[in-house]
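Note sheet for the following structure.
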Amino acid sequence: AYKIVTSQCTVCGACEFECPNAAISMKRGTYVIDATKCTECEGQFDKPQCVSVCPVDNTCVPA
């Protein structure tokens with residue numbers, strides 16, 4: 001599963017809408033990834049979609 005580095009997150013929302021597993025949601029003013037839903041997009045995409053769309057490098061990272 002992946003996680004979001006909250007100190008780097010700009011709360012733009014790009015990742016929430018791109019996640020094919022609906023694993024990303026807003027909690028207490030920032031986005032979080034539900035590890036029970038995150039599949040790292042294996043079998044769906046070459047790399048996790050949250051990583052692909054996040055405008056800030058190294059914000060969506062392996063947990």
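Note: Cβ is positioned from N, Cα and C throughout, glycine not excepted.
Features of the protein shown, as given by Swiss-Prot:
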DOMAIN    2-29  domain '4Fe-4S ferredoxin-type'
BINDING   C9, C12, C15, C19  [4Fe-4S] cluster 1 binding site
BINDING   C38, C41, C50, C54  [4Fe-4S] cluster 2 binding site
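Of all the binding-site residues given, namely C12, C15, C50, C54, the one with the smallest number of surrounding CB atoms inside 10 A is C12. Cβ proximity to the [4Fe-4S] cluster 2 site centre (mean Cβ of C38, C41, C50, C54, cutoff 8 Å) flags the following additional same-chain residues: Y2, C15, E18, C19, A23, I24, I33, E40, P48, Q49, V51, S52, C60. Here the domain '4Fe-4S ferredoxin-type' (2-29) returns a mean pLDDT of 98 for the predicted model. Sitting within 8 Å of the Cβ centre of C9, C12, C15, C19, and not among those site residues for [4Fe-4S] cluster 1, are the Cβ atoms of I4, V11, G13, A14, E16, E18, I24, Y31, C50, V53, C54, T59, C60. For C9 ([4Fe-4S] cluster 1 binding site), the nearest neighbour among the listed binding-site residues (C38, C41, C50, C54), judged by C-alpha distance, is C54. Following the DSSP three-state reduction, the secondary structure of C54 ([4Fe-4S] cluster 2 binding site) is coil. For C9 ([4Fe-4S] cluster 1 binding site), the count of additional Cβ atoms within 10 Å of its Cβ stands at 17 [all protein chains shown].
In the structure as shown, the Cβ atom of C41 ([4Fe-4S] cluster 2 binding site) sits within 10 Å of 20 other Cβ atoms. Note on proximity: of the binding-site residues C12, C15, C19, the one nearest C54 ([4Fe-4S] cluster 2 binding site) is C15, by Cα distance. Cα-Cα distance from C50 ([4Fe-4S] cluster 2 binding site) to C15 ([4Fe-4S] cluster 1 binding site): 5 Å (rounded to the nearest whole number). Annotated pair C12 ([4Fe-4S] cluster 1 binding site) and C38 ([4Fe-4S] cluster 2 binding site), C-alpha to C-alpha distance, rounded: 19 Å.
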